[in-house]
């Protein structure tokens with residue numbers, strides 16, 4: 001039994017409107033991230049996150065441009081003489097712009113999943129054990145995404161059995177992987193003392209959901225539910241995914257840059273003060289702050305959890 005079915009042209013119009021709103025928000029967040037990155041402290045993690053943000057913005061921009069072109073072409077029926085109407089033009093996945101749109105979508109999703117795994121790895125003190133299972137699902141997502149693109153370029157979308165199966169596997173693996181990474185990030189952030197226990201419950205909840213990219217995960221679940229219900233309403237939400245992925249991780253990038261700026265003077269002060277005398281010699285010991293086991297409760301104040309340790313040298317990635 002089929003679920004809710006919407007006219008193809010109306011589906012693309014609504015999807016384009018939603019993508020435009022999300023892309024506009026992404027542009028604002030991206031501009032803010034540029035300002036924050038250039039006017040705040042930097043470390044290796046902040047540099048990596050900002051580089052990924054730029055790549056995501058490039059992909060989201062191209063996806064928006066191609067979707068806009070396809071919507072205008074289909075709705076105005078400029079291809080009607082060749083394809084018997086705008087609906088067939090929009091449904092034809094063998095056209096180069098349709099194929100490019102699908103590729104950009106899948107690449108953005110894979111990039112978002114990869115960043116989620118990377119951030120989870122950083123939060124868990126760069127231990128591979130925490131991300132081993134998400135990595136397995138990520139490899140499966142890559143394979144299913146490639147196979148879905150290959151099938152979509154050769155048949156009418158969602159009418160071929162193998163195509164629908166590969167798309168379903170792609171969605172399911174992505175949701176499962178993000179369920180794991182989101183749970184791991186929320187748990188780690190909560191255990192590390194961030195947000196602060198003194199914060200209101202609402203503020204703590206919002207911060208945890210924001211830093212764990214939970215909104216993107218929820219949107220994935222909704223799209224998967226509509227897809228399994230055989231409703232093309234999921235196509236309305238697909239256009240939102242590329243800019244939302246970018247905006248989500250760009251927001252995290254901004255927070256990373258701000259935290260790097262907050263921690264730099266404190267770490268420098270701790271480093272200069274840690275002078276120990278051992279065996280009649282002055283032994284300089286610098287504080288090594290574990291990435292996600294620190295939080296700044298006020299300017300100039302640094303709180304360390306039980307997992308902080310002493311080491312020689314200063315860790316370049318002291319904030320996340």
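Every residue, even glycine, has its Cβ placed from backbone N, Cα and C.
TrEMBL labels come from automatic prediction, so no person has curated them.
What TrEMBL records for this protein:
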TRANSMEM  12-36  transmembrane segment
TRANSMEM  48-69  transmembrane segment
TRANSMEM  103-124  transmembrane segment
TRANSMEM  136-156  transmembrane segment
TRANSMEM  168-187  transmembrane segment
TRANSMEM  208-229  transmembrane segment
TRANSMEM  235-258  transmembrane segment
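Looking at 12-36, 103-124, 136-156, 168-187, the range that has the most CB pairs within less than 8 A of the transmembrane segment (235-258) turns out to be 12-36. Against the transmembrane segment (168-187), stretch 103-124 has more CB pairs under 8 A than any other of 12-36, 103-124, 136-156. Sequence-distant neighbours of the transmembrane segment (136-156) (same chain, 6+ residues past either end, Cβ-Cβ under 8 Å): 91-94, 98-99, 102-103, 106, 109-110, 113-114, 117, 162-163, 166-167, 169-170, 173-174, 176-177, 180. Remote same-chain partners of the transmembrane segment (103-124), defined as residues 6 or more beyond its termini with a Cβ less than 8 Å from a stretch Cβ, comprise 45, 48-49, 52, 55-56, 59-60, 62-63, 66, 130-131, 134-135, 138, 141-142, 145-146, 148-149, 170, 174, 177-178, 181-182, 184-185, 188-189, 192, 213, 216, 238, 241-242, 245-246, 248-249, 252, 291-292, 317, 320.
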